[in-house]
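What follows is a set of notes on a single structure, which appears directly below.
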Amino acid sequence: MRWSKLVTMIDLHAEGEIGRVATAGFGTVPGDSMMEKMRYINEMDDTIRRFTVFEPRGAATSTVNLLFPPIRPEAAAGFIVLQADKAHAMSGSNAMCVATALLETGYIPMREPYTRLKLDTPAGLVSVTAECRGGRCERIALDMPPSFVHDLEVRLSVPEIGTVIVDIAYGGVFYALVDAAALGIPINRTNARRLVELASPIKRAVNQQVRVRHPDLPEINHVSYVMFCERGSDPSLIRGCTVIPPGRCDRSPCGTGTAARLAAMYARGEVRLGDELRAQSIIDTEFQVELTGQTCIGCGSEGAVLSRISGRAWIFGMYQCALDPTDPFAFGFALSDTWGPDVDEMRASLSTSG
Ligand SMILES: O=C(O)[C@H]1NCC[C@@H]1O
């Protein structure tokens with residue numbers, strides 16, 4: 001064989017949201033921290049991201065997590081989430097996939113009934129508690145990064161829609177949280193495409209009209225996702241749908257989005273410390289959510305909340321993708337027919353041309 005690249009991956013999903021874990025073959029990514037590695041991918045060379053996520057080797061629902069040996073001594077491993085638009089600082093469903101892959105393949109020794117480990121991410125260390133039985137990870141609980149509200153009830157002027165009121169909060173990445181009922185759109189499978197079409201101008205507007213910045217992680221300085229939020233008659237059930245650029249719905253209840261949402265709910269007095277909730281996705285899968293504490297960030301100036309979010313992940317395959325030196329699509333491609341309305345905007349932001 002004359003391949004110039006061969007990347008080995010484990011196929012997983014967490015409550016329906018795909019999260020491939022690349023374990024070998026993607027070479028080295030310069031950086032003395034996960035944040036530096038993420039910056040390198042986003043600003044210097046995103047070829048491995050495009051090679052693995054975009055077509056023909058990837059697809060519109062692709063997410064690939066690059067697995068790294070630990071840099072911080074207390075971490076078992078590090079990972080960086082590669083999505084269609086960029087590398088991101090943290091992801092709940094993907095952290096569940098990474099932890100499950102590490103334990104069920106034996107990369108990290110499994111202890112029953114609980115295995116505890118730390119994962120290193122650009123957003124910081126994430127403590128993981130895996131419920132294990134018979135060699136299987138039955139549930140992965142994440143102690144999410146401290147979550148906080150950046151702005152409540154920001155009035156956005158959104159072309160094609162009008163005024164949209166959003167909360168802006170952080171749960172590992174920044175979110176614009178939108179009340180789905182205010183836009184008259186229930187979160188259900190039928191509305192998946194419409195939710196994507198609504199999120200596109202809202203995300204553009206929020207990043208044009210609002211400047212965000214994490215007080216301790218200044219490189220996290222834009223809103224990554226729009227999350228539509230819904231509450232039903234059951235106060236313990238919160239339903240949500242995160243739209244992932246360039247245009248698809250998160251199939252999971254979204255861990256970072258739910259953590260951000262909890263901060264906004266806490267700020268409004270809608271939840272209290274110790275409350276346990278169920279976060280439900282557009283395909284009705286669920287994460288268990290607990291508001292576990294308060295903390296400060298930004299030199300103590302910002303109030304933040306701590307949450308533990310758990311879900312299940314499953315390995316469903318192994319995948320190797322290779323590059324023939326004559327393959328014209330080493331950098332992959334994406335089309336708006338399946339990837340969503342913001343493909344051209346996404347292409348304009350790529351750090352590697354081709
Ligand atoms: O659970 C989460 O946080 C992720 N799911 C896909 C988009 C987010 O990164």
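Easy rule for this one: first residue shown is 1, then count along the chain.
In case you wondered, yes, glycine gets a Cβ from its N, Cα and C as well.
Note: TrEMBL annotation is automatic and uncurated.
Taken verbatim from TrEMBL:
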BINDING   Gln83, Gly92, Ser93, Asp250, Gly255, Thr256  substrate binding site
ACT_SITE  Ser91  active site, proton acceptor
ACT_SITE  Cys254  active site, proton donor
Rounded distance in angstrom between the Cα atoms of Thr256 (substrate binding site) and Ser91 (active site, proton acceptor): 6
Cβ-Cβ distance under 8 Å to Ser93 (substrate binding site), same chain, at least six residues away: Ala14, Glu15, Glu17, Gly19, Asp250, Ser252, Cys254, Gly255, Gly311, Ala313
Three-class DSSP secondary structure - Gly92 (substrate binding site): helix
Between Ser91 (active site, proton acceptor) and Gln83 (substrate binding site), the C-alpha gap once rounded to whole angstrom: 10
Thr256 (substrate binding site), number of other Cβ atoms within 10 Å: 33
Output field, substrate shell: CB within 8 Å of site CB centroid, site Gln83, Gly92, Ser93, Asp250, Gly255, Thr256 dropped: Glu17, Ser91, Asn94, Gly172, Thr242, Ser252, Cys254, Gly257
Nonlocal neighbours by CB distance (under 8 Å) for Gly92 (substrate binding site), same chain, sequence gap 6 or more: Ala14, Leu142, Met144, Gly172, Ser252, Cys254, Gly255, Thr256, Gly257, Thr258, Ala259, Phe287, Ile309, Gly311
For Asp250 (substrate binding site), the number of other Cβ atoms found within 10 Å of its own Cβ: 27
